[in-house]
Amino acid sequence: MKLLEDRIHSDGQVLGQDILKVDRFLTHQVDYQLMKEIGKRFAQVYADAEVTKVVTIEASGIAPALYAAESLNVPMIFAKKAKNVTMNDDLLITEVYSFTKKLTSTVQISSKLIEEGDKVLIIDDFLANGQAALGLVHLMEQAKAEVVGLGMVIEKSFQDGRQKLLDQGMKLTSIARIEKFEDGKVIFAPADDIAFD
């Protein structure tokens, strides 16, 4: 999506060899208009997939997932990283490693929210090593739900997450794909949604 690539160029900041800071529009401050366009794009790509639920992981995946769910007219559920006192029923639980935070979190979703046979679209903010996405896929497998696709706002294609998901037979759509960082600049690979631009 050219709109997202332009925003990454103008407001993204490359940190070191493998980190992109996008806190001006996605990971801290949220540009709701951009997120709405991204959500609409995911809905276009998966319009024929009969999605019944959109699932993400807190926190930065929530905005694009919510707008995708709105466009698809289905509920959005986010996996929580911390259990609270109201989550006292059966839980779907898995471990997820965060590349950026360098820590492993236990994530959970109430089993009452995902039904056997649900057709789930998983949305997340970044795809790096694929651990968050694979963790969400594992939660959906526990619920006997079908993952019909994965939508990533930004993919770091120079890391192995994409290949891990494709090796699992997943349909993957990344709105912006980063081929590499060069001299502090982002070099893009062709995005998966290019037919919609």
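Keep in mind that glycine also has a Cβ here, set from the backbone N, Cα and C atoms.
All protein chains included, Lys156 (xanthine binding site) registers 25 other Cβ atoms within 10 Å of its own Cβ. According to Swiss-Prot, the feature xanthine binding site maps to Leu20, Thr27, Lys156.
The Cβ of Ala132 (5-phospho-alpha-D-ribose 1-diphosphate binding site) lies under 8 Å from the Cβ of Ile57, Val96, Ser98, Asp124, Phe126, each on the same chain and at least six residues away in sequence. Taken from Swiss-Prot, the feature 5-phospho-alpha-D-ribose 1-diphosphate binding site applies to Ala128, Asn129, Gly130, Gln131, Ala132.
Lys156 (xanthine binding site) sits 10 Å from Gly130 (5-phospho-alpha-D-ribose 1-diphosphate binding site), taking the CA atoms of both as reference points. Ranked by how many other Cβ atoms sit within 10 Å of their Cβ, the binding-site residues Leu20, Ala128 place Leu20 at the bottom. A separation of roughly 18 Å, to the nearest angstrom, links the Cα atoms of Thr27 (xanthine binding site) and Asn129 (5-phospho-alpha-D-ribose 1-diphosphate binding site).
Reported as a whole number, the C-alpha separation between Gln131 (5-phospho-alpha-D-ribose 1-diphosphate binding site) and Leu20 (xanthine binding site) equals 17 Å.
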